[in-house]
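Enquirer: Heads up, here are the entries from Swiss-Prot:
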type: BINDING; residues: 7, 8, 39, 40, 71, 72, 182, 183; note: substrate binding site
type: ACT_SITE; residues: 70; note: active site, proton donor/acceptor
type: ACT_SITE; residues: 181; note: active site, proton donor/acceptor
């Protein structure tokens with residue numbers, strides 16, 4: 001099966017990595033809207049338009065399924081995209097909620113949602129979690145992580161300063177952290193290390209990763225099984241510099 005993966009830039013590599021490892025598909029077309037990243041600071045109308053333009057990009061490629069790897073687009077553009085599409089389109093929020101349901105049985109467990117400003121303001125995660133009965137949900141817009149990750153700053157003083165700025169004021173320490181932006185799994189170990197080092201938690205918080213969550217979701221919903229004989233072919237496209245995007249992919253995905 002040939003599918004598409006759409007993201008605002010390189011953040012979708014975290015989803016792509018999980019898809020490649022799972023080997024559920026024969027061919028993957030990756031489109032990063034890198035000329036207009038970040039999405040998280042833009043208004044809902046603009047994000048919806050970007051989503052519809054992404055659909056136009058994928059039409060000639062004749063894909064059978066589209067994965068919206070961007071949380072902001074999943075929160076604000078997914079429904080509009082589905083209305084204008086003849087193929088299934090899957091976002092990353094519903095799979096993450098399914099992963100929570102499967103792994104977190106305590107409805108009072110403190111859950112922290114990290115995301116871009118646009119994703120957090122949409123309340124998509126908060127509303128979905130409350131519909132499932134989770135009562136102790138907080139959220140935090142951590143948009144500055146995105147440009148750091150886009151610049152391949154995955155460790156060091158700048159990232160540490162950014163984490164300190166966002167996390168120091170927290171009043172309730174989470175047992176579960178939803179990485180509500182597909183960029184964030186690229187610094188997941190640093191986030192976990194910060195919480196363990198600065199808050200002396202007895203156990204590491206459970207990190208919900210969009211990529212792993214979506215693989216489980218696809219296997220369950222579409223009865224997909226691993227193709228043991230072939231590694232998926234990947235083709236990269238970008239609204240910006242595709243050579244740069246391919247270079248980042250080789251570094252991060254070890255292609």
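Note: Cβ is positioned from N, Cα and C throughout, glycine not excepted.
In the displayed structure, how are the listed features positioned relative to their neighbours?
Expert: Residue 71 (substrate binding site) carries a helical DSSP state (H, G or I).
The Cβ neighbour count for residue 181 (active site, proton donor/acceptor), using a 10 Å radius and every protein chain shown, is 32.
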Enquirer: Can you tell me the CA-to-CA distance separating residue 39 (substrate binding site) and residue 70 (active site, proton donor/acceptor), as a whole number of Å?
Expert: 9
Enquirer: Measure from the CA atom of residue 70 (active site, proton donor/acceptor) to the CA atom of residue 182 (substrate binding site) and give the result in Å, rounded to a whole number.
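Expert: Given the Cα positions, residue 182 (substrate binding site) is 6 Å from residue 70 (active site, proton donor/acceptor).
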Enquirer: At its widest, how many Å does the recorded substrate site span between Cα atoms of 7, 8, 39, 40, 71, 72, 182, 183?
Expert: 12
Enquirer: Measure from the Cβ of residue 182 (substrate binding site) and count the other Cβ atoms within 10 Å, all protein chains considered.
Expert: 32
Enquirer: Would you count the other C-beta atoms found within 10 angstroms of the C-beta of residue 8 (substrate binding site) for me?
Expert: 31
